[in-house]
Amino acid sequence: MTVKTEAARGPLTYSRMRGMVAILIAFMKQRRMGLNDFIQKIANNSYACKHTEVQSILKISQPQEPELMNANPSPPPSPSQQINLGPSSNPHAKPSDFHFLKVIGKGSFGKVLLARHKAEEAFYAVKVLQKKAILKKKEEKHIMSERNVLLKNVKHPFLVGLHFSFQTADKLYFVLDYINGGELFYHLQRERCFLEPRARFYAAEIASALGYLHSLNIVYRDLKPENILLDSQGHIVLTDFGLCKENIEHNGTTSTFCGTPEYLAPEVLHKQPYDRTVDWWCLGAVLYEMLYGLPPFYSRNTAEMYDNILNKPLQLKPNITNSARHLLEGLLQKDRTKRLGAKDDFMEIRNHVFFSLINWDDLINKKITPPFNPNVSGPSDLRHFDPEFTEEPVPSSIGRSPDSILITASVKEAAEAFLGFSYAPPMDSFL
């Protein structure tokens, strides 16, 4: 496929050259934007496109006369039909670069697979999503939000990191850190509940991750044991950022009804504007579940559970310390304006007496020995994954990336619902 534009007319003037040079300088300063976005800018710049070398790079063709005998001429080609950049803008990330070994998770839109990079021999968790399923449920904004949030999380030890994202004609791929210590949900199911020191350790690491997200004006909105992983040493790793809301400042609110029923805050159920304190409510619900084995207002009947969340007083059994009781009462405060964290956000949680034994600097640097070690022998140790997933065959279509459908580097993204999805980290040797 090629870009169709007007043939170069007249000599390349100084002003035209300046236009092309300006684009190149901008690219060098903003390499994180990705090659496909850069190519799109060049393709849209009339001065640059008239330069012979640029035409050669883009494979720009000269305009052709329409077929005289065609009574029903085709409409002008869309951007998806105009530029061919080859198989990938990022040679380090396309489906055929990976051996897909096992299914390790499933969701509404696709699967998570253990994969080994053929060249690097590194192991990754690759989240593969079906575009049709996403578009059918009109969830493309959430997928792009997840991608955007992942790009901001790479420097925090308790948030899963994104290495690459790319797409084919029918699928989206997130190449993520491979975490194989199991979901917190999995361990809670096996042990029913945790002793208070273990619950405190996990709650502290979770709070640290949430506080970091809040510092970026991101509200997580979907904290639950299924989204909390343990790494091979036993530290928590927060994953699945599809429901995150960006650009929520300290006093900012949003109103989208979303989350998981057991962990919804009262203001969300009331369909009132809510703020980042919804995350502290969820932290309280998860801590309660770690200590007692079930979420605080749980009922098999969803309507009854919602009524409990809205109206039932919090009931705490006597087998926890006073500091744990006080923390749960503060986090599970139904009035968000009185909830722990409403004034000073993470600092209120950090300074609570329940966490007085936590050295937060040591925590963030992973100098505190986790209370539980998953004892995994290596990347191929899948003991902490549900056999329901790992025994499922890997779909053969997952690893296919024929050049005819791979669009990672194509400016076809400009005409698609997933504009800018593809990502590769900057490389010093790129230019």
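Just so you know, glycine gets a Cβ as well, placed from its N, Cα and C.
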With ILE104, GLY105, LYS106, GLY107, SER108, PHE109, GLY110, LYS111, VAL112 listed by Swiss-Prot as ATP-binding, which of these, LYS94, LYS127, LYS131, is given for the same site?
LYS127
Identify the region 'Necessary for localization to the mitochondria' range according to Swiss-Prot, selecting from 1-60, 181-240.
1-60
Packing count at THR369 (phosphothreonine) (other Cβ atoms within 10 Å of its Cβ):
10
Helix, strand or coil for ASP222 (active site, proton acceptor)? Use DSSP.
coil
Listed in sequence order, residues with CB under 8 A of ASP222 (active site, proton acceptor) and six or more positions away:
ASP240, GLY242, LEU243, CYS244, CYS258, GLY259, THR260, TYR263, CYS282
Below 8 Å Cβ to Cβ and six or more residues apart, same chain only. Which residues does that give for GLY110 (ATP binding site)?
LYS127, VAL128, LEU129, GLN130, ALA133, LYS171, LEU172
